[in-house]
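Swiss-Prot annotations:
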CARBOHYD  Asn65  N-linked glycosylation site
MOTIF     101-111  motif 'Conserved undecapeptide motif I'
MOTIF     118-124  motif 'Hepta-peptide GHRHDWE motif II'
SIGNAL    1-17  signal peptide
Amino acid sequence: MFKTFIIAAVAVATVRAAVIGHDQVVPFAQPTPTSISQTTAVNFKPQLHITNGCHPYPAVDADGNTSGGLNPTGSSSAGCKGSGYGSQIYGRSAWYNGVWAIMYSWYFPKDSPSSGFGHRHDWEHIVVWLDNPAVASPKILAVSTSAHSGYTVYYPPNSNYLNGKSAKIDYYSILLINHAFRMTSDAGETQNLIMWDQMTDAARTALQNTDFGDANVPFKDGNFESKLANAWYQ
């Protein structure tokens with residue numbers, strides 16, 4: 001009887017999760033931190049400036065429903081100038097080579113530098129490298145920003161690129177080259193942060209298994225560790 005109940009519950013969960021409209025995904029509220037790592041991630045949450053292209057959207061909801069994204073048609077920001085439900089920034093952190101790494105990621109429904117160019121879905125991310133999250137005043141050692149399957153490393157970042165503890169990040173494209181991140185002196189906006197370990201099982205499973213086409217979830221298992229290695233600043 002118990003086994004039957006478990007199978008039925010899994011079946012219901014599987015049925016409930018679906019690909020839905022990019023503007024129908026409800027983001028997670030930002031939880032109250034319950035650990036040093038979560039508190040540090042909130043304290044160093046970056047801000048995002050959009051030079052051109054889509055604004056960030058939530059990629060997954062608590063039930064595991066994922067965004068269907070957008071075709072790269074119309075202007076670079078057509079149909080994706082912001083969700084009525086609010087946006088989301090995703091985080092995951094770990095020690096790497098004796099340094100504390102916080103990966104912050106954003107999802108965009110399309111990466112379209114110009115009408116007809118680009119692709120559905122875009123994931124971009126940064127890694128903020130800290131000396132130690134447990135000390136009274138952790139220090140930013142470097143920031144690595146994703147750019148066309150590689151990284152631009154700011155070691156150390158220019159003070160104009162920081163607002164206190166918050167790195168200022170720009171989402172941009174030039175001509176017909178797909179979007180990327182860079183640091184900027186321009187102020188941006190922040191989004192509610194949800195860490196990998198704060199998500200529901202359904203959301204983690206969805207991000208782990210969903211095919212986002214030419215984009216990939218940088219912080220999921222199997223990607224997170226290799227991305228940190230590639231983003232390493234030394």
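Cβ atoms here come from the backbone N, Cα and C positions, even for glycine.
As a summary of secondary structure, the motif 'Conserved undecapeptide motif I' (101-111) carries 0 helix, 11 strand, 0 coil according to DSSP. Neighbours of the residue listed as 'N-linked glycosylation site', defined as other CB atoms within 10 A of its CB across all chains, total 22. Within the motif 'Hepta-peptide GHRHDWE motif II' (118-124), the DSSP-based counts of helix, strand and coil residues read 0 helix, 6 strand, 1 coil.
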